[in-house]
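Here the structure comes first, spelled out in structure tokens, and everything after it is commentary.
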Amino acid sequence: MQLKPEKIDSEKSNQLQGATVEEALNATGFGKYNFGLLLVCSWTLQAMGMDLFGTSFVVAAAVCDLELTMQQRALLTATPLIGVVLGAQLWGYVSDTKGRRLTLVLSMSVGFIFASLSSFAPDWKTMALLKLASSTFTSASNSGAYTLLGESCSERSRGRSMLLCTCSLMCSQAVVALFAYPILPLKFAYWIDFLGINYRPWRLLALVMAIPCAVTACLLQLFHESPKFLVSRGQQDKALDILKKIYACNTGDKADNFPIKKLIDQPDQSCNQGSFLRAMWEQTAALFKPPLLKTTLKLFYLITIIYMTGSGFILWLPYIMNNLFSVLEAGGGEGMNLCTVIRYSADSVVYAGNNTVIQEVCNDKIQETTLISAMSYGALASSSNLVLSLTCGSRKRLAMICIITVSALAAILMNVVAIPIAGGVFFFFFLLCALSMGILSVYFVELYPTSLRGMASCLSVMLGRSSAFLGVNAIGALLSANCEATFYAWAVLLLSAVVFSWFLPKDKKPNK
């Protein structure tokens, strides 16, 4: 689909000789350039998602080689989330001062190096440090890709483009499972003497998951810096030159025929030029002062709840699905809800004796049903996000309210419905609150000025991944203590998020 640039009538002609960057973006339309950038930004998020969430599959297959205890396994799986927290504010500053595209190219290139090296790690501590480093760099794309895409699209196509971009992130775990399905069953083992390691399939999977980072860094060379960022840095001539190139690529017309000849520097696009730490502090503090304070508090609360739920529980999907399918395959599960199935499976391990527990610690085989369930969830999440992108349009707030409400109802139904397979289906719908992440990204682009947008987005990522890290650990303790109460409590949290969503700004109708 191609959106034509806004027509410039004779009355507007003189006015648009000097226009804002938003008006200039509207005049470029939506065509080949924007579609290509959408694909590359989607691939960037896919690469980051594989680096972050793919670790759970690698760790599960590396249990024996790295001699992992359950505590070490949990820490290694959660390490990428810590990397996101450590790098978020730094990348926000770099993005707002050095550029969106430069930030993405640098971060994905270095992230690829560390992620590749992790496949050769001789022990779990080395692997944890390398994954910490890789995720610290690749996490820049969590906000950088959205910001670059949003600031390079017209207002009319921005929201839909960013929601479509989220589809790739939603299916990242499914893509990892898709790669793992043929790779992990392989039987090769090559001894590398100077490293003292056996190179087995899980190491190959870790290397394969790093490759998208390198591909992203190369593809980004084909695209331009954000025009809005350049204007915010006082580089109007360079921004106008890029807008002309976007116009020419989208329309096939000559760049010189672009109707806008001058860009007006907008009041909210001034940038601080002080020292590094002072500039970072001023950018951060500005988010928590009027007139942005209320907006920041609302969005950050929603980020906390959604990431605790979507990113927190997704890492427990293999555990919960394995328990569910093991009970069903054993012929049990009649009259059980999902929590009863989890307890039943846990009790069967205890009664089996010490030998069974020891064998389970060193079981490096991932069941087919685990991979299939991960792929199924990814397909459901990405297709749902695609439908959302094509249908919600200007109804972002309504869409968010509906999504979170469905997720809360699913949490309740998991306890109420005593049919195991139905509980698994409700669990998938419970996880779909993660669809709101894309909508929130649109709000971060629309509600913050250009000079603070990168910092706001990166702080939201830092808060989100911190919430996910705490959620992962809290969920493990709560599920074993009182599973039903855990899901009821999460339903209450999600309903509170519905209330906060109601007070988000009303959506503007796009210009026809």
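Cβ from N, Cα, C; glycine included.
TrEMBL entries are annotated by machine, without manual review.
Feature annotation from TrEMBL assigns transmembrane segment to 35-62, 74-94, 101-121, 161-184, 204-223, 299-319, 398-419, 425-445, 457-481, 487-504. According to TrEMBL, the feature domain 'Major facilitator superfamily (MFS) profile' maps to 35-509.
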Long-range environment of the transmembrane segment (161-184) - Cβ separation under 8 angstroms, sequence gap at least 6: 30, 34, 38, 41-43, 45-46, 48-50, 52-54, 57, 61, 145-146, 149-150, 153, 201-202, 204-205, 208-209, 314, 317, 366, 371-372, 374-379, 381-382, 384-386, 388-389, 392, 434-435, 437-439, 441-442, 445
Paired segments the transmembrane segment (101-121) and the transmembrane segment (35-62) in contact, 3+ CB pairs under 8 A: yes
Stretch-level contact, the transmembrane segment (35-62) and the transmembrane segment (299-319), CB cutoff 8 A, at least 3 pairs: yes
Reported mean pLDDT - the domain 'Major facilitator superfamily (MFS) profile' (35-509): 83
Within-chain partners of the transmembrane segment (457-481) [C-beta distance under 8 Å, separation at least 6 from its ends]: 74, 78, 81-82, 84-85, 88-93, 95, 139-140, 142-144, 146-147, 284, 287, 299-300, 303-309, 311-313, 315-316, 339, 342, 346, 437, 440-441, 444-445, 489
Candidates 74-94, 204-223, 398-419; stretch with most C-beta pairs under 8 Å toward the transmembrane segment (425-445): 398-419
